[in-house]
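A.B. asks: I am attaching a structure below and will ask some questions about it afterwards.
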Amino acid sequence: MSDPHHSPQNNHGSPFSGSSSVDDGNGLKHKLRELEISLLGPESDIIDSCNCCFSSGAHQGGSMVDMNHDQLMNMIPRLNLKEMLVACGRALYDNDMSTVAGLMHVLEKMVSISGDPVQRLGAYVLEGLRARICPYWKFAYTSANTVIKEVMQYEPRIHIIDFQIAQGTKWMFLIAALVKRPGRPPSIRITGIDDSQSNRARGGGLNIVRQKLSEFAKSCNVPFEFHDTNVTTSEIQLEHLKVCLGEALAVNFPYVLHHMPDESVTIWNHRDRLLRLVKSLSPKVVTLVEQESNTNTSPFFSRYVETLDYYTAMFESIDAACLRDDKQRINAEQHCVARDIMNMIACEGPERVERHELLGKWRSRFMMGGFSPYPLSSSVTIAVRGMLKEYDNNY
């Protein structure tokens, strides 16, 4: 059965069957080429010269990522979702990252976690493909989940406020872990704050996340509630968070506070305002994941040198794990850091949203907000190291 409420543009999925033309990868490319020619003409090159869809640079004319919305929507109903998923996985296995980028761009329009069975599966497969290419986000939720699980291990009622909920998948791991503790599972309530990039990636609002997490919690026999704030991070006020008496509260800031302007940008200083707001809620734990770099208030040249130093270390660490001509490495560098570097160097004032700070500055902000540091246990280190080893033994 399929969900009658899924997005109308996602009604083109096909069920799994015993046989499929996916046995011939070249056959799929040929079909894509035929579709491309019919839509864009013979001069385009959808498969062979598609630039990485994650890059902030210019794309070659006629590539899949340069198609306008109408062209892409016309093409998608003529494609087979299972074939596309298998082709994308094969391309990733073969390190054909230009093809991976183009296929992932199309798959974003085909999958839906509220669609039919294959569309739902495809949404999770696509997220897994993204995570395989770039480990940084997985590092964020692995470390935060482990800390929250430790702190909440004896709590019967848990409320988590996530200031960047994204797809919400990260909380499935925590729900599953809490179910394994002795005794009855806790009741869990999650408040999600959305952002425009995640909304586009999901193809809809937080009702999609609510449905996904609610279904998973039900399958684990965990009492669950999801709350959608319907406001952006900088607009959050006390009344949006719906904190109740008797709940053990955890607050998660994953790579989000550095995007909040402070006193050097605006008199509103949302960075410190959010910390004071969270402190007023008396949380049991607050998790912060940020990269440590001094690029917030420093003038251009100092910020320029700091960016060079920081990303030199990052690129050298990648160099220890990947060959220099590895297309997967190149794609990860473009996907995860290119736009950050561009913003830090090219932009000023409110347009510069990448404003990182050193650990000492973050510690000072939190202590001024009334917080005290909580040391990371060995289990957090073990969990993160185990996650990194999934990518390469050199991490």
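Backbone N, Cα and C atoms are what each Cβ position is placed from, and that goes for glycine too.
From TrEMBL, for reference:
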REGION    1-27  region 'Disordered'
COMPBIAS  7-23  compositional bias 'Polar residues'
MOTIF     158-162  motif 'VHIID'
REGION    208-240  region 'Leucine repeat II (LRII)'
REGION    346-395  region 'SAW'
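Please situate the listed features within the shown structure.
C.D. replies: For the motif 'VHIID' (158-162), the DSSP-based tally of helix, strand and coil residues reads 0 helix, 5 strand, 0 coil.
Under DSSP, residues within the region 'Leucine repeat II (LRII)' (208-240) fall into helix, strand and coil as 18 helix, 5 strand, 10 coil.
Break the region 'SAW' (346-395) down by DSSP state and the numbers are 26 helix, 0 strand, 24 coil.
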A.B. asks: For the region 'Leucine repeat II (LRII)' (208-240), what's the model's average pLDDT?
C.D. replies: 90
